[in-house]
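Engineer: Copied straight from Swiss-Prot:
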DNA_BIND  361-429  DNA-binding region
DNA_BIND  434-502  DNA-binding region
COMPBIAS  1-28  compositional bias 'Polar residues'
COMPBIAS  32-42  compositional bias 'Basic and acidic residues'
COMPBIAS  52-134  compositional bias 'Low complexity'
COMPBIAS  178-212  compositional bias 'Low complexity'
COMPBIAS  260-271  compositional bias 'Low complexity'
COMPBIAS  281-291  compositional bias 'Low complexity'
COMPBIAS  327-337  compositional bias 'Low complexity'
COMPBIAS  351-361  compositional bias 'Basic residues'
COMPBIAS  543-556  compositional bias 'Low complexity'
COMPBIAS  564-580  compositional bias 'Low complexity'
COMPBIAS  587-597  compositional bias 'Polar residues'
MOD_RES   SER532  phosphoserine
REGION    1-134  region 'Disordered'
REGION    174-212  region 'Disordered'
REGION    259-291  region 'Disordered'
REGION    327-364  region 'Disordered'
REGION    543-597  region 'Disordered'
Amino acid sequence: MNTGISPKQDDASNSNLLNIGQDHSLQYQGLEHNDSQYRDASHQTPHQYLNQFQAQPQQQQQQQQQQQQQQQQAPYQGHFQQSPQQQQQNVYYPLPPQSLTQPTSQSQQQQQQQQQQQYANSNSNSNNNVNVNALPQDFGYMQQTGSGQNYPTINQQQFSEFYNSFLSHLTQKQTNPSVTGTGASSNNNSNNNNVSSGNNSTSSNPAQLAASQLNPATAAAAAANNAAGPASYLSQLPQVQRYYPNNMNALSSLLDPSSAGNAAGNANTATHPGLLPPNLQPQLTHHQQQMQQQLQLQQQQQLQQQQQLQQQHQLQQQQQLQQQHHHLQQQQQQQQHPVVKKLSSTQSRIERRKQLKKQGPKRPSSAYFLFSMSIRNELLQQFPEAKVPELSKLASARWKELTDDQKKPFYEEFRTNWEKYRVVRDAYEKTLPPKRPSGPFIQFTQEIRPTVVKENPDKGLIEITKIIGERWRELDPAKKAEYTETYKKRLKEWESCYPDENDPNGNPTGHSHKAMNMNLNMDTKIMENQDSIEHITANAIDSVTGSNSNSTNPNTPVSPPISLQQQPLQQQQQQQQQQQHMLLADPTTNGSIIKNE
């Protein structure tokens, strides 16, 4: 098909020369231009062509309003003649896609197909007179040219198709360098002479096959461009990237700086930095530097926090170790130097008397212990491997087998030893400080208890104690005062036996007065409370009976008296150890016995 135009003037009519299907979902900015821009496209470079498009976004709103008004006034505009200056240029106006014009009946579809066929035939038969037939409503706005004639302009969808064809044409010319000047006119003449051959060759051309997927007008424009030949008016073409992710085109990003900024900010887009506007490149690099600095600061802060936490943890561990070490040292010091609990004056006197009494003569061993020690050597000869528990069991078994006559000599020996012990004990206790005197109520109980027991022989200890408490409450206050005075005198005598705790003048300290007052108050409280009388009275009675039993035993052995003042404590302990060794070696020897039955 011979169009009669030069390759310099076919960039507005070529829709898609790379055999790529048209994507109608792409949205482009509605840029409107005069026809003179498309006629004079051969005298412009690609950069000038882009600069012209960058100046148009300000007029978009006004042109859209004009387009709406013209669509309402004239549904179709057609059969316009070109000026003599435009007869050498064949302008194609492809029909919009079916998504824009949706016919409601089959008759409208048939009319549209007939109009498209007439349009293609008119373009192929004549190069001088070009008539555009049956232009749809979407293309119904007109622009005034320099010659005064009205020509249809291009809407947004048509411009997107022309734009794709322009980029495709640039990429094709880049691979196939073309000739300029007279070479372009010679190619035009050869194309005019070979119209039929060009039409026949489009069926086998891949561009024609790709154009079949588009609308008929776009396919016709692609076939005309293939017939025109590879000649082009461009000698050096820029590197242009055709497609980009997320349906973003390189030229649209270059035309609108705001869209380029959005594309650079989107993580899913990958626009090359060379295609961005010059003013955005330093901004992006500065932003990246700021982000890197922020990341470095965050990392430094995290490292500092980790170091601080580690230091705190180490300090805590050191403090714990120091506390443990200090605690161990305190325990060792306590073990080496045990802390002696400070006792009151009364308690210290009682404890001192107990310790002194333990250092005195020991009680004699019983008849059973004397028998077991007498047969110990015999048992060791019979059972040399037997231990002490086994020997004691054998001795007890033999003791049970003895009759009373056989046990009598052992009991007589015990009586003689007891008489000796009693004499020595009494002499030793005279050297000891006296016992702490009992309170007034305990003195009254010790005196009245034998009479109460004779009067009530059938009653028990608790009932007898209650009777004594009732008599104490009924007692005359004058007699109670006498018991109190006797208690005070005995207490002073008891305190005088501990001169180291008195004042330098020999007067008792304040602790003794406190102890005396506590005993008096305790006696009065005991008399007021009947329940506490029973326990205290029973203990007092037991102490009295125990002292009487010791004093009334006639068979106590007599031994030479021993005084603590003559022998120090260490010598007495050594003597006790020697006596124990002697008993183990010879059980028949006389002396103090450690263990009682």
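Each Cβ is built from the backbone N, Cα and C atoms, and glycine gets one as well.
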Engineer: Summarise the DNA-binding region (434-502) as counts of helix, strand and coil residues per DSSP.
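Structural biologist: Once the DSSP states are binned, the DNA-binding region (434-502) shows 53 helix, 0 strand, 16 coil.
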Engineer: The DNA-binding region (434-502): mean pLDDT?
Structural biologist: 87
Engineer: For a three-state summary based on DSSP, what are the helix, strand and coil counts in the compositional bias 'Basic residues' (351-361)?
Structural biologist: 8 helix, 0 strand, 3 coil
Engineer: Which residue counts does DSSP give the compositional bias 'Low complexity' (327-337) for helix, strand and coil?
Structural biologist: 10 helix, 0 strand, 1 coil
